[in-house]
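K.L.:
Below are the structure tokens for one structure; questions will follow.
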């Protein structure tokens, strides 16, 4: 009876999450109502699932991300990297993708995309305006001399503006449209890919962390910031490189000499693009004390995360705090640095720095800013996922599902993982990636136990696959932001996104069967997977 009641709650929430008949966060609250009413769990036990260690890790990490956004530090980093990378078409796209992916590792994918797309838009507008000015000169009878390097074999190169009345030629217009599509798509794809590299980069990663602690409490903190980064970062770099190559191929063609502009001088459009980026960077002014302080605290957070328990050696918390039990976790570090943001002053402190608040000097971050920018709905989504996992365990639904899947033991684990990744990547196109991970991961954990496979063998790649929402504008907020600028049609995103999903599945399959297998000892069935009694 209890198993069927729990299955009903999960099915109901899955329908609501897919159709968004209720807001996602409201749907995540349903276990607090239905589990006690159906006799699955007591209300006190359900409510305790909504603010666990993983939620505090998420909140602490996002508060630091809010500080980075508030002080425009992410924009300064982005513009500086773009100035270093250069503005040749291939390098400019690579620069946009690299910056977006890096920022998405630390701040939300949505905020990263919302910040980067206007920069791309400004660059594209100025490049197109340069062509319009040239056309106006031509229409007025003035001669425009092609730039040096655009003449090849006595012919004017492809950068020359052609006139048909007062408009560009069809070929030129098509090239411009393809470039606009490529440069905007590269941002949303890089944001989704970059978020997979860190534990706090996107919601599904934290769902995995929380579900592992919930379902396998004796796992020995196998998934922490350092171990996740060691597995996911190489996969992110590989995916980003292949995505860049694919976008180059589909939107800029096979003419790599033109794309890289090897052996030619900088064109007028490239010079304009560089000036736009340089002007945006100049408007930020010199780095102030507040920005520098946020950068130092952010660097401190990353350093403490990596060195707390790196795995291959004892970390700073191993003997100092965690000798007897795991008192200090990644959440402790995140909250520590978040608290410092409310203490450190935003301006150079005077001699009597303790009087700074009385004289009106504000700290680096105020609660008003955090309250406005923190996505509280994700906190509830994570909590709802933990409540579902606990309800499945208590009701016996997890054990029943595991038993139903026991015939799968005859199929090779790599084949099971690949098929499940494909299923998750398809499902996440029409629902939230956090909701997708929440629904699938407890079932995958039960299945792994029933067939004697290391749970991480299927849970790790499926968690990454939950972020592969590349095909539809509604699949993820970064896609919707890019789509709203009007360059793309749904068919454009679908055609390019299909190949992106294939790239993602291939990269994840490679990762889990090579360095992932060695890092997490995936060839063996761990003792902690037997200790739950699921």
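Heads up, the Cβ atoms here are built off N, Cα and C, so glycines get one too.
Because TrEMBL annotations are produced automatically, they should be read as predictions rather than curated entries.
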K.L.:
Suppose you had to name the range TrEMBL annotates as transmembrane segment; which of 260-283, 284-307 would you pick?
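P.N.:
Residues 284-307 are the ones TrEMBL records as transmembrane segment.
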K.L.:
With the ranges 139-172, 411-444 to choose from, which does TrEMBL describe as transmembrane segment?
P.N.:
411-444
K.L.:
For the transmembrane segment (228-251), I need the partner stretch with the highest count of C-beta pairs below 8 angstroms, choosing only from 53-71, 186-208, 284-307, 327-345, 496-515.
P.N.:
186-208
K.L.:
Do the transmembrane segment (186-208) and the transmembrane segment (77-107) come together with 3 or more C-beta pairs under 8 Å, pairs six or more apart in sequence?
P.N.:
yes
K.L.:
Per the 3+ Cβ pairs under 8 Å rule, pairs at least 6 apart in sequence, do the transmembrane segment (374-391) and the transmembrane segment (53-71) touch?
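P.N.:
Yes, the transmembrane segment (374-391) and the transmembrane segment (53-71) are in contact.
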K.L.:
Please give the sequence-distant neighbours of the transmembrane segment (327-345): residues at least 6 beyond its ends with Cβ less than 8 Å from one of its Cβ atoms.
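P.N.:
Same-chain contacts beyond the flanks: 53-54, 56-57, 59-61, 63-64, 67, 199-200, 221, 224-225, 293-294, 297-298, 300-301, 304-305, 308, 317, 321, 353, 356, 361-367.
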K.L.:
At a C-beta cut-off of under 8 Å, are there same-chain residues at least 6 beyond the transmembrane segment (77-107) that contact it? List them, or none.
P.N.:
61, 64-65, 68-69, 113, 115-116, 119-120, 123, 179, 182-183, 186-187, 189-195, 197-198, 200-202, 236, 240, 243-244, 247-248, 252, 256, 258-261, 266, 270-271, 273-274, 277-278, 280-281, 284, 298
